[in-house]
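Accompanying notes for the structure given below.
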Amino acid sequence: MSTPDPALGGTPRPGPSPGPGPSPGAMLGPSPGPSPGSAHSIMGPSPGPPSAGHPIPTQGPGGYPQDNMHQMHKPMESMHEKGMSDDPRYTQMKGMGMRSGGHAGMGPPPSPMDQHSQGYPSPLGGSEHASSPVPASGPSSGPQMSSGPGGAPLDGADPQALGQQNRGPTPFNQNQLHQLRAQIMAYKMLARGQPLPDHLQMAVQGKRPMPGMQPQMPALPPPSVSATGPGPSPGPAPPNYSRPHGMGGPNMPPPGPSGVPPGMPGQPPGGPPKPWPEGPMANAAAPTSTPQKLIPPQPTGRPSPAPPAVPPAASPVMPPQTQSPGQPAQPAPMVPLHQKQSRITPIQKPRGLDPVEILQEREYRLQARIAHRIQELENLPGSLAGDLRTKATIELKALRLLNFQRQLRQEVVVCMRRDTALETALNAKAYKRSKRQSLREARITEKLEKQQKIEQERKRRQKHQEYLNSILQHAKDFKEYHRSVTGKIQKLTKAVATYHANTEREQKKENERIEKERMRRLMAEDEEGYRKLIDQKKDKRLAYLLQQTDEYVANLTELVRQHKAAQVAKEKKKKKKKKKAENAEGQTPAIGPDGEPLDETSQMSDLPVKVIHVESGKILTGTDAPKAGQLEAWLEMNPGYEVAPRSDSEESGSEEEEEEEEEEQPQPAQPPTLPVEEKKKIPDPDSDDVSEVDARHIIENAKQDVDDEYGVSQALARGLQSYYAVAHAVTERVDKQSALMVNGVLKQYQIKGLEWLVSLYNNNLNGILADEMGLGKTIQTIALITYLMEHKRINGPFLIIVPLSTLSNWAYEFDKWAPSVVKVSYKGSPAARRAFVPQLRSGKFNVLLTTYEYIIKDKHILAKIRWKYMIVDEGHRMKNHHCKLTQVLNTHYVAPRRLLLTGTPLQNKLPELWALLNFLLPTIFKSCSTFEQWFNAPFAMTGEKVDLNEEETILIIRRLHKVLRPFLLRRLKKEVEAQLPEKVEYVIKCDMSALQRVLYRHMQAKGVLLTDGSEKDKKGKGGTKTLMNTIMQLRKICNHPYMFQHIEESFSEHLGFTGGIVQGLDLYRASGKFELLDRILPKLRATNHKVLLFCQMTSLMTIMEDYFAYRGFKYLRLDGTTKAEDRGMLLKTFNEPGSEYFIFLLSTRAGGLGLNLQSADTVIIFDSDWNPHQDLQAQDRAHRIGQQNEVRVLRLCTVNSVEEKILAAAKYKLNVDQKVIQAGMFDQKSSSHERRAFLQAILEHEEQDEEEDEVPDDETVNQMIARHEEEFDLFMRMDLDRRREEARNPKRKPRLMEEDELPSWIIKDDAEVERLTCEEEEEKMFGRGSRHRKEVDYSDSLTEKQWLKAIEEGTLEEIEEEVRQKKSSRKRKRDSDAGPSTPTTSTRSRDKDDESKKQKKRGRPPAEKLSPNPPNLTKKMKKIVDAVIKYKDSSSGRQLSEVFIQLPSRKELPEYYELIRKPVDFKKIKERIRNHKYRSLNDLEKDVMLLCQNAQTFNLEGSLIYEDSIVLQSVFTSVRQKIEKEDDSEGEESEEEEEGEEEGSESESRSVKVKIKLGRKEKAQDRLKGGRRRPSRGSRAKPVVSDDDSEEEQEEDRSGSGSEED
């Protein structure tokens, strides 16, 4: 029995209660195990908490089951229909029904879903059924406490608990409640048709209390409120009823508080179902409000099988007789009532059979049978036949579905009951009784209806208006809301964008800062810091470069080690051989200081030999010692003396060194260890007691340990010896110059250079001394030779190879600095050179000075001498690895030690640098391609983009420097010579005279030079002359127009001069540059500034001499024609302190090398060289050691001219040199194409940019040339005086020629020039009939290699003569072949053959060329073709002819040429027009139509090109018709104008064609040499200009075409 729990509001709890056992609940589904109704499960259920899977039967008010409530509805409905609504019983029943739905104070009524989920309980839920004759058969049944409708106890219950149970005050007192309950019970019994017991009747009337009678009331509903604990019933159970075995006996679990068995927890009234707690005693703490979705139980009459047995572990068995502590067994309160009743009816009526019990028993048995059958079916053997097994499976599944079907039916019934009940039906009005309507009511109803309608209409309108207002308001709100939202979003977006922008800016700043820091560390050569930053950035490319650098340097280090080891082994072998020979002879001849036997003719016979007195030990050295030649005679005269053994000084040292090296060689892989001297404890540099010797040790160690990029700690950490330290392992300190050097003291940086050169010698290495020009490379070389002679006892022979122009300078320097050194200047005529042979054979000399030419020519003499040292001045001459000089030196001359002197080691290309290194150290620098690829395209192998950014470029440059550092020493003037005055360079723009402007314009546009017509016997009428090499002609015009002889002759005649030479003012008025010089030179002479004036062209120097003579300037001239012996004299004359010569006129190529002209402080470069290094060399003739004044370099440049392009190209090349490398710019395999494009760009018209090309005025020029304020003021005064003087002159002329001064034949408009050009073309076609002058051919008749070879072998003139003969013979042969055929007999096929041939030579075209068309016809053709080419699509603006201009080559599109037999394009058509192949417009039309048909054949129909070709056909037809119509209407004059234009354009196209195709013509001239074709080269060799070269043309060509190679 359950009692109410006051704390938890009556949460039901399991407890022993009388009853027949658990009510079978609905199962969730079929179970494969035994059914709950089986014998097994019925026999042994154990009490415990219910399973969560079993539903709780919902209960009605006061604990009545829900089905009773539904039964109560039936009488209520019948009473309502009979009109008994006023009956008090009806109201009571209605109140009870309402309570079942819930009143105020009991929470809201349950929703239909809740009702549905609660379902309807089984009638077998409790043992106290109305018709049950026995109270209970449980383990402990006894008198119970009855409970009322609210779940409160009827008697003896705690009022407080009751108050808590109902959760609110009640209007009834206890007696009224008892009476009400009794009335309800009585109504139920009456509704079932059962008699009312007497005590119930009395309780209904309120006469007697109810509780004592409760056990005897069979229909009393089970209590619905649980007690505080599962206490036992107070009395023993009457043993008058017991179930048979297997139907629930003592082992059955006692029913729950509401007659619900354990496993089906009851539900408190008016609330949702409550779950059972998990443990047996934990229900006190269980929450009362936790909902649990429950499955509704089976309807009445369908008993469910008993719940399955709960395992003992999950629900411990509760003994039936246990009682809670503190709850004593209460005596039954019913005893007095029993006694009183027994007095009235002493014999109790026997109870009848309860049909419900019988039904229940029947159900149990059915369930048992079903469970048994399921078990049988489950245990069937697996060997059954297939059909039997199928039937058994069907039966088993059907039996398992029983509970599911029952549940489904129950849910259907529940839904039907709910939907048909009075209170829950949809239409409540259907149950009302209709009322009869009277007439008055109808009227009233009508009136009310009208009022209602009016009211409804008003309300509708009002509602509609409110609706509209609400819509409008909503629109406003909507807009406002979205405006605010948009504003917020915009603010947010702006904030986010600002945030990201700030973040990005910060990130960018940080990246820039890191990059700057990286660059700073890179430039500061902080390798460790730079590598750290690279690791932080994770830049793979930079890391890859560094890794490559390390690998390459490691390889080179190993190669250097091997080279040095090989040299040491060679030396040792030689010495052993020598010792063996001496031992074999048995006697030791007089040994010279170099360890070799001496004789009278020995080259060291005049050097002192150290001798020692045997007894006293006195040593005689220097002047006291005997000469090597008279040693034996001296020893005879001075007995007791003998030659001092070398072991005391050099020999022992060298032997020890050899032994040490021998020991060190086998262990090259060991980690580097410091030498013995360095292992000595070096004092702390910061301490005070550091002696001078210690300080020197510290500095030496620091100097040796520090490489260019690696600190020694890093090098040691990596286990690598520093690359530089390996190369210069043997160090020797040089503090002062040799005693043999007199007449001057070396500067400190020159001493350092000497030390580096000595280090190269000691380490068996060769190198490049690349100090900037003017730092004294010659002096340092002389210092090395004297040092080796004095300290190393190496007296030569030394071979010094120099340019002819500097040979006299070298001889002068030797005489000045080392007069004791015996030198031979090997030069002159063959007879003079032969005179030196005896001296050379005797070896009585130390140094031989000679030139490149004689090295090659006289190799049979010079190569026989075993040279100790080979020194090449201007070493960049060796930059071509295949040049004759390099090959001769490598193959014929024996010189283990080599030294190159150069001021420009890295000119333009990387292979050139490799060639120098390969010449010096062939064992280390073997492969050019590896070297070039490593520096040129480091990323070519990785697949990444090859272009390099600035940082990568600097890394590459630095790794190149790193490779070069042991072998190359380069110091700049600004670094080593602080006392050297600065050098300032200005580019001064010069204007053109009117004559220059006219000539320049026509030469640039048409490639023609205007003449006065005298060459055609049309003197005065004017004419044109087509010249080759347009750029060269443009440069000449910029320099001076009188460089063209016929122009000067014509002008001299025009101006009234005789002899064809212009003199006086008009010399400088004709040229802008000369006019500028005329303003500058007087000022420089007035302020005692000596001037070096460098020109490219010797003919210009001649004109300048005329000008100097006119102005009275004293000058000296040196060019390629100046003899070598005269050069020294010229230098001496100019450098004399009181020399009257203030201008030295030099050619850039001949006078730019190796001359000391430091007495001059102004350098004027009249015209720039293509190679900027030539100009730099020229500048450094003045800016060199010994210069006292600030040097001004004035570079003259004509505005808006080709000179500006040359200057730009030179600057670009210089930039390449400064950086050493820019990726991709070295690999100039396509240089011919680039050169062609560059020439074409120069020849095209460009817009004049006046602002940029401003010609400086007098004041600006004065600022450029003045060294200080006083000079500037003087120059300004001189300008003022000059202007005043000119103003006073009555015959005053402007400083530059103007157009009105020019003769009429030179002032021609473009049309006239075109006409004259066309006439000249015609004359060329038909022949002039008179002899023609020999034309100067400015193209190279020889290739670079051939020319260089000719220069080296001295056979230039013979080879050129041979080429000329071959040319003429070939021409004669061609003329004889062409003789029989005439233009008139040539056929169409011949035309095609001619058209396919390319013009193979310059000059006059072949005689068989077709006769020209009439100019008018040519004009028409050009006009038609131009119109077709220029036609554009009106919609897209696209030029249709773009793809038809030039066909792709056969290599690019071979399939086109396979398909199309006669390919033609507009370029070919234009060429045929120029060559007069078309004799009529019909011929032209055929080719244009063929072009379009070819396009239509090759391309798909409907493609863009196909459609374009159709359009072009129609365009051609329409243009032709239009032009023919115009032609008919035009007059004779217009025809003549067209003729002039046509001929002009023809000549223009011819000249451009000739200009652009220089490379092709060079190939053609190669063929003239008997068809010998040399393999093509990626980069052509730069020609060597011989200083003996006297031809002006060669000089000009070198400056023009030769310089294109740079």
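All residue numbers here begin at 1 and follow the chain in the order shown.
Quick reminder: no glycine exception, Cβ is built from N, Cα and C everywhere.
Not measured: the values here are computed from a predicted model.
The feature compositional bias 'Pro residues' is assigned by Swiss-Prot to 13-23 (among others).
Residues or ranges marked as compositional bias 'Low complexity' in Swiss-Prot: 24-45 (among others).
Per Swiss-Prot, the feature compositional bias 'Low complexity' maps to 130-147 (among others).
Per Swiss-Prot, the feature compositional bias 'Pro residues' maps to 231-241 (among others).
Sequence annotations record features per position, and here Swiss-Prot assigns compositional bias 'Pro residues' to 251-278 (among others).
Sequence annotations record features per position, and here Swiss-Prot assigns compositional bias 'Pro residues' to 294-319 (among others).
The feature compositional bias 'Basic residues' is assigned by Swiss-Prot to 571-580 (among others).
Marked as compositional bias 'Basic residues' by Swiss-Prot: 1570-1580 (among others).
Annotation comment: Swiss-Prot describes Lys1324 as SUMO2 cross-link, evidence class similarity to another entry.
Marked as domain 'Helicase C-terminal' by Swiss-Prot: 1076-1238. Mean model confidence for the domain 'Helicase C-terminal' (1076-1238) is a pLDDT of 77.
Feature annotation from Swiss-Prot assigns N6-acetyllysine to Lys188 (among others). Within 10 Å of the Cβ of Lys188 (N6-acetyllysine) there are 18 other Cβ atoms, across all protein chains.
If you look up Swiss-Prot, you'll see Lys618 (among others) marked as N6-acetyllysine, on the strength of similarity to another entry. In the three-state DSSP scheme, Lys618 (N6-acetyllysine) falls into the coil class.
The region 'Disordered' annotation in Swiss-Prot covers 1-173 (among others).
Residues annotated as region 'Necessary for interaction with SS18L1/CREST' in Swiss-Prot: 1-274.
Feature annotation from Swiss-Prot assigns region 'Disordered' to 206-344 (among others).
Residues or ranges marked as region 'RNA-binding region which is sufficient for binding to lncRNA Evf2' by Swiss-Prot: 454-720.
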Check your understanding: Quick one: Cα separation, Lys618 (N6-acetyllysine) versus Lys188 (N6-acetyllysine), in Å?
Key -> 160
**Study point:** For Lys618 (N6-acetyllysine), the number of other Cβ atoms found within 10 Å of its own Cβ
**Key:** 11
Study note, to complete from the structure: Using DSSP three-state counts, the residues of the region 'Sufficient for interaction with DLX1' (829-908) come to 35 helix, 14 strand, 31 coil
Check your understanding: Residue counts in helix (H, G, I), strand (E, B) and coil for the compositional bias 'Basic residues' (571-580), per DSSP?
Key -> 10 helix, 0 strand, 0 coil
